[in-house]
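Engineer: The structure is given below, and queries will be raised subsequently.
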Amino acid sequence: MGKNGYLPLFETRPARGLVFFRSYAASIFIGICFICFHRVSYFPVTERWVWVGMFVAELWFSFYFFITVIVKWNPVFRSTFKDRLSSRYEEEELPGVDIFVCTADPRLEPPTMVVSTVLSVMAYDYPPHKLSVYLSDDEASGFAQLWLPFCRKLKVEPTSPEAYFQTTPEPVDDAFMANEWLIIKKTYEDMKIRIESMTRLGKVPADIRKEHKGFDEWDFVVSRHDHPSILQILIDGRGPNAIDIEGKALPTLVYLAREKRPQIHHNFEAGALNALIRISSRISNAPFVLNVDCDMHSNNSKAIRDALCFFLDEENGREIGYVQYPQTFGNLTKNEIYGSLRVVMKLELAGFDGNGGPCYIGTGCVHRRESLCGMKYSKELVVEWKGMKYDRKIIEKASSIEGNCKALASCTYKENTPWGKEMGVKYGCVVEDILTGICIQSRGWRSIFLTPQREAFLGMVPTTLLDTLVQHKRWAEGDFQIFLSKLCPFVYGCQNMPLKLQLSYCIYLLWVPNCFATLYYVFVPSFCLLKGISLFPKISSSWGIPYLYVIVVHRVHSLVEFVWLGGTVRGWLNEQRMWMFKRTTSYFFAAIDNILKLCGFSKSAFIITGKVADDDVNRRYKQESMEFGTSSPMFTALATLALFNLFGLVVVGTNKAINDDARIKVFDIFGFQILLCCVLVFVNLPIYQGMFFRKDSGKIPASVTLRSIAFALLASTLAMY
């Protein structure tokens, strides 16, 4: 209970098991101190640079472990009291909410998926006339008149029709409801066919053009990269005719295609969001803005009410700039073949919250409009929500609004304005979400991380290895770009961001440097094993205990943490595999691109992760068979490292262990390197299968295999002679 008997709208509780975690962290720190002492005390006379390299790599791992401990030292979890919100604010007193659904490429992001996402957010448990949905698709408007009453009647969860019909069987106990269920499903399937046909033909059907005259402008469009602003209010929620088949109000639904010209940079999703912010401020101007990616459908119809419990809390709500929901996925396999963001989304962002507030991750986030538009937080900022009434009277005709607003979505509007700099989503970085969150927090706003019992949104993860690696390359490249810029948290956020929050950001901003230490540890010990150079203490030496303790205990804790968060043991093994794959490819290529960019040889390019896969790829994904299937420098790097470690293990096993005495001696001297090599071979088992044993189209191409064998043999030869 708050001051003067006030009941807060949310509560905060610390994570459980903190004593265990802090004890573990302290013991690892002691082990690291012993390792450092050994490295300094037993400095070799020969091969000293290799030894120094190992020491530098271990120092980096120690520093990164320190950052991880800071993030996980004091995670907090929030819960809301929606019943108190309902009792405190009548339906007409609740604030309006604008919802942005962003799309980029219909070939990689299927329009049916976009429509399903739009319908899911239109069906929120919230006063419909207080919702305004902005999107780049139009088919949702007609089906919404059927879908929203259906959701209310059956209390549908999730409210995405695609997800609902895939997971919910036909109701057999009620003949009337079963018949309605079949009608709605049939209507939805017909709409999907219609959308797919429209996408294939590349034009809007005549009946939609007749109803919405603004779509005639598509007749003059040369390409999707060269067209004027096209704005259409499909459902005007302010008017009396915006009702469903039951006579209930419908949310406002707006279609926007901002102007694009080939000679003018459109700033990817950041440009789209800023155009939506400007357009929405003219049409609905809701004080709160929810943005979701087109593949992140709503899975919790009360998510908006949850977020408002933070913003509308009289004691602590004024300083909150945004509420971030975790990014969760509906198409993960049981053992998460390509890893997941499980630890990031369920623990690390909660740790950010305990240190000052989570980062903005670009989707599933409810913003206060003022904070998103560049306003600095001030204790004098007071907004009184009670008594605010929503006037459904149309002040301005929709056609007039459409004509007047098009300039706000022009590709030149941002010129000589603060947009993309001090206002809106930031430009100039491929991870504009992280950068925007840093800027909002640097202006004094707090952020909140909320994990409701029922996931707020469900998205889609990439279903191929290459898409996963490319996605992480883009993230790592953008994160490191922020670290090297003047907007780095240690520079830009030093006044308003706590030091522990600035350090927390390093867990992502320093993904790229991780590649160098990891590549050294993956390659050099095996190289030195072939040359007969020992890099670790003997197995029989007591100095091996700290190494063994740190490695084993650290991995055991990682396993316990992963399983505690709902994962499986095999899922954890896949996570470790992807951890190594990303560090040796995604982060390495991101480092190269950053270096080229600093030298002026490369420019940022936003790469969209594909959401469409053929039936064979989907089948192998569901069977948890790793998908290669194409030639890529990343696969060449992975296969070369895998083969090099395999060759090292085979050579040591055949040449250096001729008899029992030699075997014992070799294992005593090189035991840690041999064990490391064995672990790497085990981690790379899918690589060997893809090169030598698989016959399907998802195997590693022969050209990649031949190149990798040549590179691995060359490295092995150099090591041995």
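Cβ from N, Cα, C; glycine included.
In case it's useful when we look at the structure, here is the feature table from TrEMBL:
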| type | residues | note |
| --- | --- | --- |
| TRANSMEM | 21-43 | transmembrane segment |
| TRANSMEM | 49-71 | transmembrane segment |
| BINDING | E109, D138 | UDP-alpha-D-glucose binding site |
| ACT_SITE | D138 | active site |
| ACT_SITE | D433 | active site |
| TRANSMEM | 505-524 | transmembrane segment |
| TRANSMEM | 587-613 | transmembrane segment |
| TRANSMEM | 633-654 | transmembrane segment |
| TRANSMEM | 666-688 | transmembrane segment |
| TRANSMEM | 700-720 | transmembrane segment |
Engineer: Are there residues at least six beyond either end of the transmembrane segment (505-524) with Cβ under 8 Å to its Cβ atoms? List them, or say none.
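Structural biologist: For the transmembrane segment (505-524), the far contacts come to 50, 53-54, 56-58, 60-61, 64, 67-68, 71, 348, 359, 434, 438, 472, 475-477, 479-480, 482-483, 488-489, 535, 580, 583-584, 587-588, 590-591, 594, 641, 644-645, 676, 680, 715.
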Engineer: Take the transmembrane segment (49-71) and find every residue of the same chain, 6 or more past its ends, with a Cβ under 8 Å from one of its Cβ atoms.
Structural biologist: 25, 28, 32, 35-36, 39-40, 43, 348, 351-352, 355, 500, 503-504, 506-507, 510, 513-514, 516-517, 520-521, 524-525, 528, 533, 535, 554
Engineer: How many other Cβ atoms sit within 10 Å of the Cβ of D433 (active site)?
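Structural biologist: That number is 24.
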